[in-house]
Each structure stands twice: as C-alpha cells, then as structure tokens.
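S.K.: Below is the structure I would like to discuss, written out as structure tokens.
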Amino acid sequence: MKRLTFFLRPFNYPRLEIIFVVVFITVYSLAAISVSLNRYWQYDAFWYDLGIFDTTVWKWSRFELPVIAHLAPPLGKLVWADHFNPTIIFLSPVYWLTSRTEIILVTQVVAVAISTLIAYLTARRVVSNSLVRVTLIASFLGFVGLQNALYTDVHNIVFALPLVMAVIWALVSKKWRWYWLFLLLTLGIQENMAGVAVGIGMFLILRKERQLKVGIATIFLGLVYGLLVIKLIIPAISGFPYKYQPDLPVVWHEWLTRFILPVDLKLRTIALTYATFGLLPVFAFSTLPLVIAHFLERFVLNSAATRWDLGFHYNVLLSPIMFLGTLEVITQLQIHKKWRRLLPIWGIATIALVLFLHRFYLHGPLMLATHPVFYEQTARNKRMLDGFVSQIPRSGLLMTMNNLAAHFTHQEVILLHRNYKNIQPDVVALDLRPGQNANNFYPLSFDETKNLVASLSADVNYEKRGITDSQFIYTRK
C-alpha cells in the first residue's frame, strides 16, 4: 500500500490533476477531430445523418426554416417531420463563423469535450480521491461506443451529451432551476430523450438521497412531452404517423429473448459497457431503469442489427448513464475506510482495462489518428473525387450519391431515386467506380444505380457529361 501511495502521489496535487485532465481531453479531442475530418475528406461520410443535421443548422443560421428536400422530394418537408429537435437552433451561430461543413464535425467533438469537463466538475464535487476522478474521465472518453459516435458522421444524439451531463451536474449539486432548464433543452434534442427524462426521474426516486417530488415531476414531464411530440407534433408536420414506431414483441417471452439474443452481440455489448466503467454500475440500483430502458429501445423494440453492438452512435448515451451509476456507487464506498482504500486499486485496474479494450480488443476508431495509412487514404480519395465534385453545379436541385451528397449540404439535395422523372432534379451526379462501399448508393443498390444511369442516358431531357469513364453529370435541359 505504501508503494501504491508513492506511485499515486502526483494525483494528490490538484493543479497537476487538472492539468492532466485538460491535456487528456484536448489530445482526445484533437484525435477525434482528425479522424472525423479525414473521413469526411475521404468521401466516407454519408448524407444520412450528417446531411440532414448540417442542413438544419445551416438553414437556421440563415434564418430559414430547415426544409429538407429529401424528406419529400422535390419540395421537401420541415426537418421536424423526421425528428423533433428544436434545441439544435442554438448551434446555428457556428455558421456565422464559416460556411464550411467541417465546422459541424468539429462542433460535435467540442460538445463531447464540454460534456467531459462537466463530468469532471461533477466528480470533483462528490469524489474525494484524485485517481478515482481521473478514472471516471478515462472511462467516459475511453468507452468505444462513444468513440464510434464521433467516428460515424454527425448525429442529434451526440449533442445531447453536454446537456445530459449538465442535468446530472445540477441534480448532484441540487441546483434545481438549472436542472429544469437543462432537462428542457435535453428533451429538445430529439423526441426519444423523453425516455431518458423518465429514467432520470426514476433515478431521483430510487437513489439514497431521494428527491421524490422532483422525480415524479420529471417522469410526468417526460411522458407528456414524448406523447405530445410523437402523437401530435411530428404527425401534424409530416402528414403521417411517427415513422420510428417501436417493434413491439408479439408474445411475452420475446421481451426476454430479444433482450439477450444473439448473445454474442447483445450480452457482449452490455458486458463491455459495464467493464469499461470497472463494473461498478452493476451495483447502482438507482440507474437500472435508465440502463434497462436504453437497451430495451435498442434490443427489444428495434429489429435493426446495427443497434445491437458498440458501433455507430447508438451507444453514446451510455457514457453519462454509466458515469452516473459509477458515481453513485463510489460516493457510498468512500464513506467506509476499508472500501475507500481499495478505490485507487480499482482505479488503476479500470484504466488498464480501458486501455486494453481500446488498444487491443476493440481497436477503438480514434487509433486511426496515429495511423499513416489512414492519411494516405485521404490523399488517394481526394485525388479520385475532388476534381469530379468541383464540376458538379452548386445551384438547383441535385440528386447524387450518399457519400457525395454530404459535400452539398448547403444546397437542395436528394439521394438517388428510381422515380427521378417525377422529381425532375436539375442535376444528377453519379460515380460508378467498382468496389465502393454499398452505403454510397443508398437507398439504391449498385445494380439499381447502373439502371438509373441507363435511364438518364436515354432521357432526352438530360444532357450527359462524362468526367471519367465511370463518373457522370446529367444536367436537365
């Protein structure tokens, strides 16, 4: 124990601890920005969801309603026909600084950095040990589910992180006016945040320092808000029922089987999530409703396998949820002298486990920031596509591929559509190089895209211009 104390002595100096945390967050953010921007420059970022989100912020910054052409081509529909996200309006000032799409990718990373700083400030209020506080931050950022959210374009839900962490900070600090403000802003990120609000309300009721009235009010607000948005507001704007309806089990036992099967995906995801936070959230009964609700939404109420592992952005809310559960357990353990002495050992073991998962087992995507081949890929793809993209007209309605459309988010753009004759796009731009990511052609397939090229080439209303043997621009006469 004396040797351990000597080894941890630097963390007993608050200034060194703060410097370490700030440097760690900064390096992490720079790596995330580098990976995110290079994927965009590689034409490996997709219009879904980057395009919808970026166009929304861009149009708000121009004091225009965010009408998205692709939602109902050619005229489009208000973005709230898809997801109700009024809080996103507050991001619009970033486009007063620059018109480059890259700024929204940088802003997303900054949002994660801010959420981590809030997590650290929250930990400083209640956690007495410096190493344990550092461990919480290492787990928060080291969670591969969060890294994948930064790797895979831009999403509404990532911008919920600083607001959810602000809600947690407010309830830990008992600053209830701030709590309600941040909770309302959180709800405005996306309609499914209503479920998070209900979970937070349950947490306030179940935790040792119970806040019964606030908890009940929070649950009521979450339920009313969710029903209002999903049943009234979105259908009124879209003209159709809410399209992300849950896929409810038909028989009772499917509630269990869907939750755990396939085991190699779902239970593995749960186990790795808890392991990243040193398993302490397992003992946090108060956060169990938040955890169960999160995995029910992804595993039971949705049949898409892309939601079942640590990929994409679907895991991002687990960082604050697991942080909260870990914080609750630590505050109870540090009361007792015996457990308090063991917490630094837990901290070292957890940091080692996070590093192992990130570096060797899960191969966290931010490792790409240090890989020379990753940057060679950027240069190679830019040589193939920059010249083609520069010749695509920047006015009129553009129909193009998923990866190319991400570079035209500040004009009217739709993805590939079989029924182009009724839509009559002004420009169609296609890249038929073999061996591409199938997502580039979404919502069509490669073969369907070749059929589209044949139709356009035979259409007397369009003038064809071949940039290369596989890259074509069609302009409506």
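A Cβ is built for glycine as well, from the same backbone N, Cα and C atoms used for every other residue.
Those TrEMBL annotations? Automatic predictions, nothing curated.
So TrEMBL has the following annotated:
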TRANSMEM  20-41  transmembrane segment
TRANSMEM  103-123  transmembrane segment
TRANSMEM  130-148  transmembrane segment
TRANSMEM  154-172  transmembrane segment
TRANSMEM  179-206  transmembrane segment
TRANSMEM  212-234  transmembrane segment
TRANSMEM  271-292  transmembrane segment
TRANSMEM  312-330  transmembrane segment
TRANSMEM  342-362  transmembrane segment
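Give me the lay of the land around each of these features.
M.R.: Among residues of the same chain six or more beyond the transmembrane segment (103-123), those with a C-beta under 8 A of the stretch's C-beta atoms are 21, 25-26, 28-29, 32-33, 36-37, 40, 45, 50, 53-54, 57, 91, 94-95, 97, 132-133, 136-137, 140-141, 146, 150, 154-155, 158-159, 161-162, 164-166, 168-169, 172-173, 319-320, 323, 327.
Away from its own ends, the transmembrane segment (154-172) comes close to residues 49-50, 53-54, 83, 85, 87-88, 91, 104-105, 108, 111-112, 114-116, 118-119, 121-122, 125-126, 178-179, 182-183, 185-186, 189-190, 193, 196, 200, 204, 211, 214, 313, 316-317, 319-320, 323-324, 327 of its chain (Cβ-Cβ under 8 Å, at least six residues beyond either end).
Long-range contacts of the transmembrane segment (179-206) within its own chain (CB-CB distance under 8 A, at least 6 residues past either end) are made by residues 83-88, 90, 156-157, 159-160, 163-164, 166-167, 170-171, 212, 214-223, 225-226, 229-230, 234, 242, 244, 285-290, 293-294, 297, 317, 321, 324.
Below 8 angstroms of C-beta separation, residues 115, 119, 122-123, 126-127, 132, 136, 139-141, 143, 145-146, 148-149, 152, 155, 157-158, 160-161, 164-165, 168, 172, 196, 199, 203, 207-208, 269, 273-274, 276-278, 280-281, 283-284, 286-287, 290-291, 294, 298, 306, 343 of the same chain, each at least six residues beyond the ends of the transmembrane segment (312-330), sit close to that stretch.
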S.K.: Might you confirm whether the transmembrane segment (130-148) is in contact with the transmembrane segment (271-292), defined here as three or more C-beta pairs under 8 A between residues 6 or more apart in sequence?
M.R.: yes
S.K.: Against which stretches of its own chain does the transmembrane segment (342-362) lie, if we need a Cβ under 8 Å and a gap of at least six residues from its ends?
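M.R.: For the transmembrane segment (342-362), the sequence-distant neighbours (Cβ-Cβ under 8 Å, at least 6 residues beyond its ends) are 4, 8, 129, 131-132, 134-135, 138-139, 142, 144, 147, 272, 275-278, 280, 310, 330, 333-334.
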